[in-house]
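Student: Below are the features listed in Swiss-Prot for this protein:
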SIGNAL    1-50  signal peptide
CARBOHYD  69  N-linked glycosylation site
DISULFID  82-135  disulfide bond
BINDING   95, 206, 214, 216  Ca(2+) 1 binding site
DISULFID  165-249  disulfide bond
BINDING   177, 228, 229, 231, 301  Ca(2+) 2 binding site
DISULFID  191-244  disulfide bond
DISULFID  196-207  disulfide bond
CARBOHYD  238  N-linked glycosylation site
């Protein structure tokens, strides 16, 4: 009798253990199936909703050839070329159809109609305040003017290089430059920048920190000023904050999708003498023609050779992007 009871109890315990094992196995299998299903669902959702950042943006994200986007139906754009020229050019040409004529000429060089954009600017100083370099390849035509030689040089330094910049609060803090690649760049309708170098006791060196008139003036009524001071020394800065902003910038390297073409002048502007220009090459050329039609004809003729020394980038440059990351 006792043997039968013990057997019954043993069978009951074995059944409970077996049932528990089966339930755990089923739970593990269900967890595996559910997690796999969720993983596949998330992956498919991310793939179908993916955005190829920079590929669907006009002009800035174009590609060399036409490809089909793997996640969307739109096709990529073709390479784009922006030609920036002064108002003087269109005034001298005085032809309402001159852009269409040039577009047809660019077509003979392999640039499809609609891939070349003509951008007019009023003056070098105005263009330097808000450069808009949105195309895959950007050619900036600058008419040489001896009185604006320094402005042209600073603009070339700005647009031919990439800069990493951060805002500066000159009312609260002192600032110093850490090396040759570190510059302060001020931009605005009228920038007057004064500095007072400080010693280790934060006393002015040759100036009084409480007297702005004793500060050293390094830019006056400029629209663009790239400021270089002695490295490793704190400076108190004064500038016209109502009409100007200033940023603490580091030169990262060449912006290879931009070239500057100087029109006229006895010498080509040279920014490679700056020790921060590395490598010591530049995409600056000169054409010596008196008439703008001749200038544009020359550019059409040599456009493919010019582009060969450039590299297309998807990043664009405007004043806002320049301030934070170019």
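Yeah, the Cβs are placed from backbone N, Cα and C, and that goes for glycine too.
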Student: Going by C-alpha distance, which of the binding-site residues 95, 229, 231 is nearest to residue 207 (disulfide bond)?
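Tutor: Going through 95, 229, 231 one by one, the closest to residue 207 (disulfide bond) is 229.
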Student: Pull out the recorded positions from the set 82, 135, 177, 206, 216, 301 whose C-alpha sits within 10 Å of the C-alpha of residue 196 (disulfide bond).
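Tutor: Close recorded positions: 206, 216.
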Student: Among all the protein chains here, how many other CB atoms are within 10 A of the CB of residue 249 (disulfide bond)?
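Tutor: Excluding its own Cβ, residue 249 (disulfide bond) sees 24 Cβ atoms within 10 Å.
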Student: Tell me, which binding-site residues from 177, 214, 228 are within 10 Å of residue 249 (disulfide bond) if we use the C-alpha atoms?
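Tutor: Taking 177, 214, 228 one by one, the ones whose Cα falls within 10 Å of residue 249 (disulfide bond) are 177.
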Student: For the recorded positions 177, 214, 238, which one has its C-beta crowded by the most other C-beta atoms within 10 angstroms?
Tutor: 177
Student: Non-local Cβ contacts of residue 244 (disulfide bond) (under 8 Å, 6 or more apart, same chain)?
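Tutor: Residues satisfying the criterion: 186, 187, 188, 189, 190, 191, 192, 193.
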